[in-house]
Amino acid sequence: MVGTQINGRRLSFGVVNGGHDLGPSSTPPSNAGSDYGSFIEFTREDVETLLNEKSKRKDRFNYKERCENMIDYIKRLKVCIRWFQDLELSYSLEQEKLKSSLELSQQKCMEIELLLKIKEEELNSIITEMRRSCTNLQEKLVKEETDKSAAMESLIKEREARLDFERSQTTLSEDLGRAQRELQTANQKIASLNDMYKRLQEYITSLQQYNGKLHSELSSVEGELKRVEKEKATVVENLTMLKGQLTLSMASQEEATKQKEAFSSEVASLRVELQQVREDRDRQISQVQTLSTEIVKFKDSTEKSGSELNNLTMKTNELEAKCTLQDNQVKELQEKLTIAENKLEVCDISAIETRTEFEGQQKLVNELQRRLADAEYKLIEGEKLRKELHNTILELKGNIRVFCRVRPLLPDEGCSTEGKIISYPTSMEASGRGIELAQNGQKHSFTFDRVFAPDASQQEVFTEISQLVQSALDGYKVCIFAYGQTGSGKTYTMMGRPGHPGEKGLIPRSLEQIFQTRQSQQPQGWKYEMQVSMLEIYNETIRDLLSTNKSSSDATRVENGTPGKQYTIKHDANGNTHVSDLTVVDVQSVKEVAFLLNQAANSRSVGKTQMNEQSSRSHFVFTLRIYGVNESTDQQVQGILNLIDLAGSERLSRSGSTGDRLKETQAINKSLSSLSDVIFALAKKEDHIPFRNSKLTYLLQPCLGGDSKTLMFVNISPDQASAGESLCSLRFASRVNACEIGTPRRQTNGRPTESRLSYF
């Protein structure tokens, strides 16, 4: 419901429209609605109701009432448009605010990410340093392990030497036992050897105690390594390996102890056998001398063993010093590890806080993006409604719509040093509709229904006129023509570039849309018949481009000689135009029309000038007549689509035309001048409009002064040398846009009795 809040009450749409509901018996509304224009709020349903509103009158010939109703309706449309403009401005302001806040949020996010990267680098450096320390510790442990393995090897050698000594001592004891009673000297020597053996056992016992001390120290180191192992997984693995190796060494030492006990038991058994050996005393006396020499050798070996034991003692002291140093290093590394873990915890806390802040900012950014998307959607919807309202006003006024298209600069035109002569305003009101041309230091501004920049594609241009083409199927007369100087891109706009499907012009795209819509409306009961005709106006002479009589068409091109077929233009009382003897072809598909277009293009008059390699030397008119009938509702429509490519205006000083080209240029300029006279007369609303001054204006009479929907493309060249011609074209287009030709009328009558439909 459309209304406004005034003094606690909400006015209905009828009150806004002047205090009267538009019903069958309502009186003409007053202008009271303008008093509430600044407070009105509209919805889509209200706008559609306003657009679809139909004024019902008792007396259809009461023109005063019709004018008042129309004026009031236009005022209400203006109020609605003004409200949409204000709404569009507010949306644009809100969009700018959202964009600025989005940029600030993105900047904050970037700063937060930078801080996170810096902290991450610091943590990585700390972790790298810790890894280096652990690697150094591992290397030192490996070195200590190798030293310990070397010491163990030396101890094993000493044990082997001791075992050898024990074996030899056992042998000597046996020998001395046998000779105890017979040789006192041998007994004394054996006793001394026993004393020496005892001393060696005591020394071995001390070594075992010292080894146990080393084992206890290793156990303490093992415990410390276990604690380090709990804090750092990598250190644990290395210490576990060391523990395993130490366990192996302890196991080997225990095995050596067991072997010693076994040897002691063997000594006891040997002592038992000593009695038996004594019986062999006599036999051993001869060996006393040998034993004496062996004792001397044994003494020598004992001295060597003592020196080796001294060396082992020194190595053991060195290992103890290294273990102490290693313990200190392990403690230092533990302290560093604790400090690093504390720093890591602090960094983790700060990272969590930063991530929380970042997530909050991300949510804010997402919300802003969502609001921005909503605002853009509302802006697009408002723009669509503005276009619909604008088109409705133009149809009610009967104005000729004008689109401006600027072609790109050619390669030989891009070297100009004077800069660009064409610019486009960026304000909200003129965006996409305004164009500015600079000449001699002065800027000229123009506003049209749509302005296409050089980068606009053929599809973008056709999208803007697609609804107008659709009107031909709905039963309206539609006329689209291209105007501009030679080389400004008129033929490219209308026909496109042959052999490039992506650059098809308005005529091929319009035909594709019409045939596709025809196919889609068949299930609804609609059936269409379509006819095509094509002609050109060359030197004020009409030529049939689809005529199969080549001799006749060729004769029309000869000015001196037997004249060919003459074509006359006739207008009937209903505003329809007929061209006598013009070829009309029934078509059923786009391919058939494309074939006819190719045939017409080969027959059209083109020539080379200094301004264009292939300049169109005639006005080309393509007409598609549409007759539709709905078998279920018996509704009939008759529409006409006229697509016209006018010849380009040119100056003789620039084109360099001579001979036949000079005559063609003069004829083209004369017909375009007549078109300008007609536009001036329509703009001034003169009683007499000079349509008969040329064949072109007489043929366009229904489009310029009838009830058809008309659109003109003004094509502009951005070249500096063409600034004068471009300014003239823009001024002419501005006058065309101001002309009012009448309200379009839909033709729903039956098909005429003639075989051809009306032309215009």
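The count begins at 1 with the first shown residue.
Positions of Cβ are set from backbone N, Cα and C atoms, glycine also.
In TrEMBL this protein carries:
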type	residues	note
COILED	127-385	coiled coil
DOMAIN	399-739	domain 'Kinesin motor'
BINDING	Gly484, Gln485, Thr486, Gly487, Ser488, Gly489, Lys490, Thr491	ATP binding site
REGION	551-573	region 'Disordered'
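For Gly484 (ATP binding site), the number of other Cβ atoms no farther than 10 Å from its own Cβ, over all displayed protein chains, is 28. Sorted by the number of other CB atoms within 10 A, the binding-site residues Gly487, Gly489 start with Gly489, the lowest.
For Thr491 (ATP binding site), other Cβ atoms within 10 Å of its Cβ number 25.
If you draw a 10 Å sphere around the CB of Lys490 (ATP binding site), it holds 27 other CB atoms from the protein chains shown.
When Cβ atoms from all protein chains are considered, those within 10 Å of Ser488 (ATP binding site) total 29, not counting its own. Around the Cβ of Gln485 (ATP binding site), a 10 Å sphere holds 24 further Cβ atoms from the protein chains shown.
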